[in-house]
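According to TrEMBL:
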| type | residues | note |
| --- | --- | --- |
| DOMAIN | 18-97 | domain 'RRM' |
| REGION | 103-140 | region 'Disordered' |
| COMPBIAS | 119-133 | compositional bias 'Basic and acidic residues' |
| DOMAIN | 176-250 | domain 'RRM' |
Amino acid sequence: MSTDGGGGGETPTVPPNMTIYINNLNEKIKLDELKKSLHAVFSQFGKILEVLAFKTLKHKGQAWVVFEDVSSATEALKRMQGFPFYDKPMRIQYAKTKSDIISKADGTFTPQERRKRHDERADRKKREQHHDANQAGTGINSAYSGAYGAVPPLAQMAYGGGAKSMLPETPALPNNILFVQNLPHETTPMMLQMLFCQYPGFKEVRMVEAKPGIAFVEYGDEMQSTVAMQGLQGFKITQQNPMLITYAKK
């Protein structure tokens, strides 16, 4: 089984799946920062199960992003193809069937024959669980759809629950600078730049060292800042932190 996850020079097309393979990444970026930045940029397309990148020479400049579903991976591949990430355009394709390198990394690697037996056992167990759930007339299916069902619209994520109390009482008038709140502590200016520079007119990101969790993002004019605000309102850099974006008070 190949270990390049989707790289290499083969021509056969890889069927859509939940994992995208990215190469042509800037090799100077530290591994930890690279993974966090990839997570920040790609989580706008859906829930990410994991981001994989390796220190070995063979895997430099490459990463894998594993989504919870195929539609998220497909959207990410289409929208981010050629996106300038740390000054280099990303090359993205679907990963080949879970490569041994990824399986070893996440602990699911088993040699071929054992894997086949394991898959058969897993299928049998799944059928039994499905049968039990149907017998009980409850559950697995309804619980699953409740936990992993429809994703709420961004506006609901942004304004629902705890974030609501953070809304300013008198909103600032529309202008070209956005005020971003509820950022996780690990957010870096580069992560925010990656997100906001997708929108036309982006100028700069300013973070306040004394006040972690907030940032100012400047655009050329208020029309451009408004489009960016609408596009990223409620975006989650981590699962616990939906961004709250308003116009900055002048």
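Each Cβ is built from the backbone N, Cα and C atoms, and glycine gets one as well.
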>> Is it possible to list how many residues within the domain 'RRM' (176-250) are helical, extended or coil according to DSSP?
In response: 19 helix, 22 strand, 34 coil
>> Summarise the domain 'RRM' (18-97) as counts of helix, strand and coil residues per DSSP.
In response: 29 helix, 23 strand, 28 coil
